[in-house]
Amino acid sequence: MRRRRAAVAAGFCASFLLGSVLNVLFAPGSEPPRPGQSPEPSPAPGPGRRGGRGELARQIRARYEEVQRYSRGGPGPGAGRPERRRLMDLAPGGPGLPRPRPPWARPLSDGAPGWPPAPGPGSPGPGPRLGCAALRNVSGAQYMGSGYTKAVYRVRLPGGAAVALKAVDFSGHDLGSCVREFGVRRGCYRLAAHKLLKEMVLLERLRHPNVLQLYGYCYQDSEDIPDTLTTITELGAPVEMIQLLQTSWEDRFRICLSLGRLLHHLAHSPLGSVTLLDFRPRQFVLVDGELKVTDLDDARVEETPCAGSTDCILEFPARNFTLPCSAQGWCEGMNEKRNLYNAYRFFFTYLLPHSAPPSLRPLLDSIVNATGELAWGVDETLAQLEKVLHLYRSGQYLQNSTASSSTEYQCIPDSTIPQEDYRCWPSYHHGSCLLSVFNLAEAVDVCESHAQCRAFVVTNQTTWTGRQLVFFKTGWSQVVPDPNKTTYVKASG
């Protein structure tokens with residue numbers, strides 16, 4: 001496997017450096033015909049394949065229509081927009097109905113998606129718009145991972161910026177199972193690529209600080225498949241739960257707060273309430289400490305239709321919930337509730353309570369319990385998470401919890417203690433005790449609570465909440481000058 005990935009990455013770089021087309025092993029994508037070009041006839045499926053070409057065409061049409069639904073509602077008509085043109089050309093023609101050659105039939109240029117909504121309040125502006133030209137001299141191609149449909153690679157652009165490339169995985173489950181069933185490589189390629197196209201549309205329509213930024217896309221011919229699609233996105237780090245459990249509570253809370261804000265946005269998105277049918281940690285990435293959803297090809301906007309509450313059972317491995325059926329014939333809040341319970345079982349229950357400040361634990365426990373019982377919706381959940389942030393950032397959580405110390409500490413400005421470290425948990429540094437504090441009184445309180453602490457060094461570095469980072473030490477036998485730090489040592493003991 002390691003050898004295969006190395007070979008894939010090597011070929012990927014070589015294809016770009018030579019200025020040739022993207023290699024299908026690394027940047028596969030959709031197989032829409034070029035504008036004005038009729039779809040090529042596919043070979044008839046082999047014997048025993050159920051449904052045949054008609055069934056495959058039905059599935060392609062269903063996915064195409066789904067992408068069309070999500071792409072509607074932009075700021076203007078699709079005419080003149082390159083991605084909209086490409087999408088229109090993807091429409092499979094009906095039996096015996098030839099598709100007319102459009103007047104703008106010519107090779108399309110690459111660029112940004114053609115239907116970006118105006119950014120709403122708090123939404124990030126559009127990122128740099130990249131296309132095929134940006135990918136011709138990339139370096140450092142590295143395989144990051146793959147799922148059922150897509151493979152992800154990390155590359156460095158000529159300007160030095162690192163981005164992620166997503167493309168249909170030729171070795172993936174979706175493409176392989178389709179080819180085994182229908183025996184039609186290009187048709188199956190198109191079917192799989194519509195999931196990537198759907199994700200591209202949703203990344204643009206759902207723009208938010210906790211949705212991965214779409215930077216652009218590229219269509220290029222690749223081997224025997226014309227117009228393969230590669231999307232170019234913001235680069236994030238995979239979510240590794242075991243590693244997160246070893247980080248500070250402040251960083252873990254930031255992830256949960258990010259998730260709460262994301263779920264609130266999905267519940268009130270321009271498309272309606274969006275649910276993530278595949279809600280595992282691997283569907284998310286971390287970008288500068290913020291959690292962002294990256295995999296949207298299994299997202300769904302439509303609520304579940306119902307005739308009664310028996311049709312509105314939300315099933316999970318550990319338990320089920322029955323939701324009401326509205327008078328309009330839809331399960332009330334099923335999309336929102338599914339997201340919320342998944343946030344509880346994959347994130348909140350592990351990351352929120354452990355090693356939190358004692359005065360915040362009752363509120364954190366109530367958040368975990370309420371989401372685990374689906375007693376709250378996303379609005380109330382986010383309001384409570386924002387309350388925790390306010391209490392923590394303002395220092396109000398310290399009221400009645402920081403005892404006045406009888407021990408005096410001597411201040412030594414512009415100095416530090418280079419050694420005499422000890423380990424504590426959780427710490428921002430694995431080899432020492434590096435914690436964040438709201439003020440000097442909290443630093444003294446922490447030192448007093450550690451039996452081995454005899455001194456601490458206040459740095460000029462702060463966390464995302466504005467709290468200062470402090471090293472706690474076992475002694476002060478060697479104090480050296482440092483203009484960016486201040487040392488405090490116990491006056492006795």
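Here the Cβ of each residue, glycine as well, is placed from N, Cα and C on the backbone.
From the candidate list Lys166, Lys198, the residue Swiss-Prot records in the ATP site shared with Met144, Gly145, Ser146, Gly147, Tyr148, Thr149, Lys150, Ala151, Val152 is Lys166. In this structure, the C-alpha atom of Asn320 (N-linked glycosylation site) lies 55 angstrom from that of Asn484 (N-linked glycosylation site). On the backbone, the CA of Met144 (ATP binding site) and the CA of Asn460 (N-linked glycosylation site) stand 35 Å apart. Looking only at the recorded positions Ser146, Tyr148, Lys150, Val152, Asp278, the one with its C-alpha closest to Ser177 (phosphoserine) is Tyr148. For the compositional bias 'Basic and acidic residues' (52-69), residue counts in helix, strand and coil come to 18 helix, 0 strand, 0 coil, using DSSP. Note: the Cα of Asn137 (N-linked glycosylation site) and the Cα of Val152 (ATP binding site) are spaced 18 Å from each other. The predicted model assigns the domain 'Protein kinase' (138-493) a mean pLDDT of 93.
Taking the Cβ of Asn369 (N-linked glycosylation site) as centre and 10 Å as the limit, one finds 14 other Cβ atoms among all the protein chains shown.
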